[in-house]
Amino acid sequence: MDWDQDRSNTELRKEKSRDAARSRRSQETEVLYQLAHTLPFARGVSAHLDKASIMRLTISYLRMHRLCAAGEWNQVEKGGEPLDACYLKALEGFVMVLTAEGDMAYLSENVSKHLGLSQLELIGHSIFDFIHPCDQEELQDALTPRPNLSKKKLEAPTERHFSLRMKSTLTSRGRTLNLKAATWKVLHCSGHMRAYKPPAQTSPAGSPRSEPPLQCLVLICEAIPHPASLEPPLGRGAFLSRHSLDMKFTYCDERIAEVAGYSPDDLIGCSAYEYIHALDSDAVSRSIHTLLSKGQAVTGQYRFLARTGGYLWTQTQATVVSGGRGPQSESIICVHFLISRVEETGVVLSLEQTEQHTRRPPRLSASSQKGIPGNSVDSPAPRILAFLHPPALSEASLAADPRRFCSPDLRRLMAPILDGPPPAATPSTPQATRRPQSPLPADLPDKLTVGLENAHRLSTAQKNKTVETDLDIAQDPDTLDLEMLAPYISMDDDFQLNSSEQLPKVHRRPPRVARRPRARSFHGLSPPIPEPSLLPRWGSDPRLNCSSPSRGDRPTASLMPGTRKRALAQSSEDKGLELLETKPPKRSPRLEPGSFLLPPLSLSFLLQGRQLPGNQQDPRAPLVHSHEPLGLAPSLLSLCQHEETVQPRNRFPPAAGLGQTH
């Protein structure tokens, strides 16, 4: 019994709760519909609004009411007619008011004609939900108040001009699509950033209460029409042109002859920037940048130069049109609207406005071409044009004096070949005869080789006279080929040698041998020397091959595997110096002293003790010490048996411990 009574009480409480909730919802609905009827909309429109839309539109209405109360709006005079309907007809776009947060506080009724979205669907929403994501940063910058950077002007700049891509449900045929299938439409927006101070209000305590000023952006948004939607008769105050992506004319309407005095053929291939006033080129460049990034753009009012002088105020609507696949098939269609007639007709602002200016080279008459060699080299046309089309001459006349048919730049480039190197006289070589300035092509390889050898001998003779033996005197950096030398990299931090280590002895060079250039880098290990049978080195001598002696050389003992490569490397360096008397193109790296040569040995020789570079070697010291490997002595003797009697040089300085004989 008790259980049934508790169950009935629970059901009664639930029913009362449901009735109370139903009553609250009905009262809420009634209040919201009463609120909807108070909004300035038609009764048929407000009756179909949902609760969220009613709240959204009410908040927007309250914002606009505060703006109207704070702003200085022009009131309709007594006896005058209201002009609100005329404003919408005169405007080519719609009016939009944005708050500082980006909410659309107001849009005019004709927004549906441009975007396909009704006024009620947009008011109260954030504009960032309807514009292209790439344009949100630009709009946010326009909504931000800009500081006043000028001391003369008390007010900060409030004017705004930008382009937006906004969602549109209209098709080219006038049909309306779903919002999910909307496309992007470019709108040119221009307006001002306004700050309205609301009227002062009193608090319940009686003290005045001030509110911050209301910031809003009032814009007029105009849709840029596509060129395909324009009617064929544009009128006398407009003309059409087509450009490539670099704004060069590819087509121009014939009406430009009546308006600006240009012929369409004169503009083909010319850039549009050449016919724009210099003071307006920056503003037009920004509009072209917007055009290439968004597909459509409207320029501001700029001055288009007339043919006979002066300019016309013009405004241009540009659209990027694609005729196929790829960027090469794209072009720019421009519709130019003339705002004024030609002003300041007597002022010449560009070369395009002069009659003497032409882009094509002048044609020469037949009589003037007969007596001029080289087809009008001395013609009044630019000199470089004479080399674009040389006359048809025989090869013999070209070979006799080819410099006549070369441009000045080509003459300077071919001067070493056409003029030849200067003759050099050495004691051992007779003076070379002077070569003609224009040799035949068949003689160029041999004579150029002789000239290069003479230049090498001359430079070697000059260097032999000024050889420096002091290690403290650095080589002049101007005489070095810095492009062929590696930068100096100190290796002291990478290889920590013992404190008892000493550098090898310094060897003086004979006066007749040219000083080797100092290397600027040292990598620790010398590069491996390839086998002579696989890669013969330039300047090497086959007599140094111990395995196959020739020319009466007596056979040497069998060498150790490691000593053969060192002997070949050393012989190639000595023999190359004796035969050429010049420096070879590449040398083994060495340390900073200019006369110290690092032999191509392994790292174990570097880690042994050496004497200081300042100490001179004893001429009576033996070439091979008793503690060196026995297989190394014959190879070293073979290096010196074909050399001339010069001061002996020790290429392989022994270690401090091995230099002491028993």
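Any Cβ shown, glycine's included, is placed from N, Cα and C.
Range annotated as region 'NTAD' by Swiss-Prot, chosen from 138-189, 450-501: 450-501. Swiss-Prot lists motif 'LRRLL' at one of the ranges 104-108, 384-388, 414-418, namely 414-418.
In Swiss-Prot, the feature region 'Nuclear localization signal (isoform 2)' is placed on 75-98, out of the ranges 27-50, 75-98. Per DSSP, the secondary structure of the region 'Disordered' (1-25) breaks down as 24 helix, 0 strand, 1 coil. Secondary structure by DSSP for the domain 'PAS 1' (80-150): 30 helix, 13 strand, 28 coil.
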